[in-house]
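Q: For 45-62, 69-86, 92-112, 124-142, 175-198, 205-220, 226-241, 246-267, 348-369, 390-410, the entry in TrEMBL reads transmembrane segment. The domain 'O-antigen ligase-related' annotation in TrEMBL covers 210-364.
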Amino acid sequence: MGTGLSTAKRGFPSASEALSAGPISWAAFLVGLAVLPVWSPLMLVSWLVASIALAAGGLWPLRPGPAGRWLIATALVLLVLTAFSVRPGDSLLGLFNYLPFFLFFGLAVHLVDRAERLTQLLTVLLWGGLVTGLAGLFEWVTGANWQWEPLSGLVLLTVGSRQEAGILDRVTAFFAWPTSTAAYLLLVLPLAAAIALGGLPRQRWLGWAVLAVGGVTLLGTASRNAWMIALLVVGALLLVARRWRLVTALTAGAGTVLLAGLGPVSWPPIRWLREIVPASLWQKVSESITSGTASFTSLTNRLDAWQIALRMTGERPLTGWGLQTFPFVEKTYFGHDAAQLLHAHNLYLTYTAETGIPAALLLVGFYLWTLLRGVRQAVSLRGVSRWQQAGLLAALVAYLLFGFSDVPFYDARINALFWIELALIWRMPSLALQETIKEHS
């Protein structure tokens, strides 16, 4: 089973090329990652600077190789599909949810060229998760709903929600929308758990801190899907680490909330549980099956969105209707109120409805290829590298599961972090190989 001995042949930088990925590119990349949760424009500008600096040194972010060829082919297909869109202008804008992030994938593959840089990247990523978690806790405790716009129309920093009052009881942190916050935390918490369980000793305390603070903040988002997914992936990591007490505590806590929310209120034990379990938790579970509540309406709206997306897929299975055309199509062609459903609330149906089945297979196929490749190679990794890879794979699984109920990529920050973590999964075997060579030299 290969671990990336011939990295140049696999589309990764060779040793000499890696050395030329200079400090300017790396510094700009880290700045972008540091501000990622707070301000996406600076993140995008920083990574653009990093890409330009890399290209100036003779290295293109997305180079030939298995992953590069796949993404280049996918990009070309998406470009061609804009010609078949019912709204080409919207679809051209929709390309920005894909093409820049393919480049950022290549950028990360180039720049994370040694274990020291991986350590720096993970540290910055974890600190971002901790700051986001603390902002969410502050918002939840104080009811803060702040917007600061130091440069009108250019810079807007948010803690809380800019939306209608109906979601102000849900934690949003810097993301202004609770499901976006939940999606971000699902990309961070599994990695934090893995680092806490088996990462570098100097990073473990940070992993535990992010897991604790971010976990509470995730509860505050009131995202039922994210709760279940976090329990699944973090619980799986705890099982692998044989942390039986934590697994038991996590299972008991989840079971208690489920009983309090779904159990018959006529039973005295259920009434007692509802006294001790925070109402914000059991009520969210209970409302999921209670007709007329906002949570129940949210579920029925999702079913409507999925049905529309399936009809769109059935009518244009090869080319789709065009990127970012779902609201227009559902209103114009299907007579549905687009104000209620701005997207398909399903990552995979969004792909099939807007890009067609072949392009959807290219996108989802790349994710699954990355997952299977990462799992296969994790077997040959040892120690810290194996835990780092396990955390990245768990985050990928969490994102893909979340995609069954929502579309996370519309927020550039979540999209960017997802593609960076994909790149790290591809890069990990060669980084581990470098460490092995160092140990034996």
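Cβ coordinates are placed from backbone N, Cα and C, and glycine is handled just like the others.
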Q: Do any residues, 6 or more residues outside the transmembrane segment (348-369), come within under 8 Å Cβ-to-Cβ of it, and if so which ones?
A: 67, 70-71, 73-74, 77-78, 81, 94, 305-306, 308-310, 312-313, 316-326, 329, 396, 400, 403-404, 407, 422
Q: Please give the sequence-distant neighbours of the transmembrane segment (69-86): residues at least 6 beyond its ends with Cβ less than 8 Å from one of its Cβ atoms.
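A: Distal contacts: 11, 62, 92, 95, 98-99, 102, 105-106, 319-323, 325, 328-329, 355-356, 358-359, 362-363, 366, 369.
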Q: Which one, 45-62, 92-112, 390-410, has the most C-beta pairs under 8 Å toward the transmembrane segment (175-198)?
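A: That would be 390-410.
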Q: Could you tell me whether the transmembrane segment (226-241) and the transmembrane segment (390-410) are in contact, taking contact to mean 3+ Cβ pairs under 8 Å with a sequence separation of 6 or more?
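A: Answer yes: the transmembrane segment (390-410) meets the transmembrane segment (226-241) with 3 or more Cβ pairs below 8 Å.
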Q: Between 0 and 100, where does the mean pLDDT of the domain 'O-antigen ligase-related' (210-364) sit?
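A: Across the residues of the domain 'O-antigen ligase-related' (210-364) the model's pLDDT averages 87 on the 0 to 100 scale.
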Q: Cβ pairs under 8 Å only, please: of the recorded stretches 45-62, 92-112, 205-220, 226-241, which one is richest in them relative to the transmembrane segment (124-142)?
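A: It is 205-220 that shares the most Cβ pairs under 8 Å with the transmembrane segment (124-142).
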Q: Give the nonlocal contacts of the transmembrane segment (226-241) in its own chain as ranges (CB under 8 Å, at least six residues past its ends).
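A: Residues packing against the transmembrane segment (226-241) from afar: 179, 182-183, 185-186, 189-190, 193-194, 197-198, 211, 215, 218-219, 247, 250-251, 254, 390-391, 394-395, 397-398, 401-402.
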Q: Are there residues at least six beyond either end of the transmembrane segment (45-62) with Cβ under 8 Å to its Cβ atoms? List them, or say none.
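A: Those are 13, 17, 20-22, 24-26, 28-29, 31-32, 35, 68, 71-72, 102-107, 110-111, 416, in sequence order.
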